[in-house]
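Undergrad: This is the structure I have questions about; it appears just below.
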């Protein structure tokens, strides 16, 4: 099932549980605005090349729309639509005053030089500059984009609208980025894990973890789990996979990856088949890479007791059912990976006030937001007698529906 169908399905289940009016349900599902632009740039060799850029602005009932921009060959309208909708529910679950959006360009950033990426980003910004803004729609980095991409968007946007640091988040620190933003999603995953384990009288210390995906989120989550005394026993990314039943020395693995660009030939563990990582014996499995990795083919073989969805939509609905029957506890993506957007919100607040926080305050506030959101989800689970996923969806959808009604959507 593709991401859009799965997201719509979860939304419909949540709206039934909440007893939403069918007209309101339809209104919440339809995006506010969908933008598709052609971006033509000269390559370094002088030839012209065209890419298609998208921005889906899903809902702004609770505040400016917010969401990442990804550069990936598979960026297409359905996926962007699903992710924009997920952002609407995610910001509502975290209780930050935003709506949802998502964007991207269908390109392979690895095939483009730095100057080509800059030209592409600037052309994309020129095409959408009058549709984004501090109080309208605030982009952020996503797959294939980073702080540098945000710096280019900020610069291009400022040519039209004057100095506007709050127009994007995830910027370099020197341009008004927030301390703690780079680690925020991974750190949020760890706070979410702590909140869930505490419900079962457990803590990270002494538990075994498997991390699938060792990019920004996976590497930060691994590092913080390691610091808290958790045992990371297997890690994988596109370059390979490593396991060590005694626990991997994460700082050493990070150094190795920095030096070689790969997980291969790491001396502190044995290499393994990356496909085996998801079904490796462990207490907690954390998928941090692409969507749809847990599906009906492998769900029955998953041995973890807890799954923390650090990636967007890593579990197919079919896998969800299989895992629930097995008694696996799944912490859903719209809550588990909300640390990034929460610290993006802190960055936006700091930019608007022109007053920056120290890193300790950022992390403290993040822990407060993640812990509070978990307890709100648990309350919804009790009210509606449902799974954590439906608890999170009913919480998010209910908040957006209430804001929509209060604003007078039928007038």
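Cβ atoms are placed via backbone N, Cα and C, with glycine included.
Annotations for this protein, taken from TrEMBL, read as follows:
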type	residues	note
BINDING	66, 90, 344	substrate binding site
ACT_SITE	102	active site, proton donor
SITE	142	site 'Important for catalysis'
BINDING	185, 216	NAD(+) binding site
Undergrad: Quick check: which same-chain residues outside 66, 90, 344 lie with their CB within 8 A of the centre of the substrate site CB atoms?
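TA: So the additional residues around the site are 67, 87, 91, 94, 96, 98, 100, 140, 338, 340, 341, 342, 345.
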Undergrad: Near residue 216 (NAD(+) binding site), how many other Cβ atoms are within 10 Å of its Cβ?
TA: 18
Undergrad: Around the C-beta of residue 142 (site 'Important for catalysis'), how many further C-beta atoms are within 10 angstroms, looking at every protein chain?
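TA: A 10 Å sphere around the Cβ of residue 142 (site 'Important for catalysis') contains 22 other Cβ atoms.
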Undergrad: Cβ distance under 8 Å to residue 344 (substrate binding site), same chain, sequence separation 6 or more: which residues?
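TA: Residues satisfying the criterion: 66, 138, 140, 169, 170, 178, 181, 184.
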Undergrad: Compile a sequence-ordered list of residues in the same chain as residue 90 (substrate binding site), six or more apart from it, whose Cβ lies below 8 A from its Cβ; state 'none' when nothing qualifies.
TA: 100, 333, 334, 335, 337, 338, 341, 396
Undergrad: Given a 10 Å Cβ-Cβ cut-off, pick out the one of the recorded positions 66, 102, 185 that has the most other Cβ atoms nearby.
TA: 102
Undergrad: Looking at the recorded positions 142, 185, 216, which has the shortest Cα distance to the residue listed as 'active site, proton donor'?
TA: 142
Undergrad: Looking at substrate and its recorded binding residues 66, 90, 344, figure out the farthest C-alpha pair and report it in angstrom, whole number.
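TA: Pairwise Cα check on 66, 90, 344 gives a maximum of 13 Å.
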